[in-house]
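**Q** From TrEMBL, here are the annotated features:
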{"type": "TRANSMEM", "residues": "12-35", "note": "transmembrane segment"}
{"type": "TRANSMEM", "residues": "55-81", "note": "transmembrane segment"}
{"type": "TRANSMEM", "residues": "88-111", "note": "transmembrane segment"}
{"type": "DISULFID", "residues": "Cys150-Cys162", "note": "disulfide bond"}
{"type": "TRANSMEM", "residues": "187-212", "note": "transmembrane segment"}
Amino acid sequence: MSKVQGGMKCVKYLLFIFNFIFWLSGLLVLAVGLWLRFDPNTVELLTGDGAPDTFFIAVYILLGAGGLMMIVGFFGCFGAVRESQCLLASFFACLLIIFAAEIAAGVFGFINKKQIVEEVQKFYSSSIADVSNPNDTAIAVIYHQTLNCCGGSTSDTSTTLCAEAEENTQDCLTAISDFFDEKLHTIGYIGIGIAGVMVIGMIFSMVLCCAIRNNREVI
């Protein structure tokens with residue numbers, strides 16, 4: 001088996017280090033997805049009859065991308081060590097697919113952000129529309145306790161539930177919007193950082209793959 005020399009040997013080890021970091025990034029994405037899926041606050045707000053499921057679709061995309069990134073990172077390390085053109089080319093293709101999936105998930109979340117917020121706000125508004133219904137009252141109380149809010153900005157039907165709320169308590173429609181802004185911003189910052197790492201990885205893999213091919217042609 002031919003061995004790359006000089007600067008390309010440095011690229012080889014940089015690619016190995018990158019793939020280890022990429023594997024850790026996949027673990028981070030998977031952890032964020034699991035956090036969003038099983039976070040007590042999120043689960044309480046987004047489960048139940050009539051609750052919107054759009055948010056969880058994006059979370060499942062994150063979970064799939066995180067698991068795939070871990071697998072690809074592992075094989076990328078192996079391909080760099082073995083100096084395999086096939087594995088490195090496959091690694092590049094997988095990175096490209098994951099990058100495209102990440103962009104798609106980001107676009108999906110950005111486009112549907114307003115819809116997600118509106119659906120959750122409607123779900124909350126419906127839960128306080130009939131305070132005589134024990135199930136709806138229980139749902140409203142979960143929102144009040146989780147988000148430290150009470151009532152809707154234009155609703156007068158929740159005065160019974162908010163009788164003991166403090167005077168400066170935030171309304172729940174605004175609190176719901178702020179809640180999702182915080183969640184989506186967290187995902188966005190992590191996604192931007194990982195996208196940059198992926199672009200570097202694609203460059204390194206192609207440079208090393210071309211160096212291995214050229215080295216074999218010379219021999």
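In case you wondered, yes, glycine gets a Cβ from its N, Cα and C as well.
Since the structure is predicted, the reported quantities are computational estimates derived from the model, not experimental observations.
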**Q** Just checking, which of Cys150, Cys162 (disulfide-bonded residues) has the fewest C-beta atoms within 10 Å of its C-beta?
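**A** With the disulfide-bonded residues Cys150, Cys162, fewest surrounding Cβ atoms within 10 Å: Cys162.
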**Q** Same chain, outside the transmembrane segment (12-35) by at least 6, Cβ under 8 Å from its Cβ: which residues?
**A** 4, 59-60, 62-63, 65-74, 76-77, 80-81, 83, 91, 186-187, 190, 193-194, 197-198, 200-201, 204-205, 208
**Q** Same chain only, please: residues at least 6 beyond the ends of the transmembrane segment (187-212) with a C-beta under 8 Å from a C-beta of the stretch. Say none if there are none.
**A** 2, 4, 8, 11-12, 14-15, 18-19, 21-22, 25, 28-29, 32, 36, 62, 69, 76, 79-80, 83, 85, 88-89, 91-92, 95-96, 98-99, 102-103, 105-106, 109
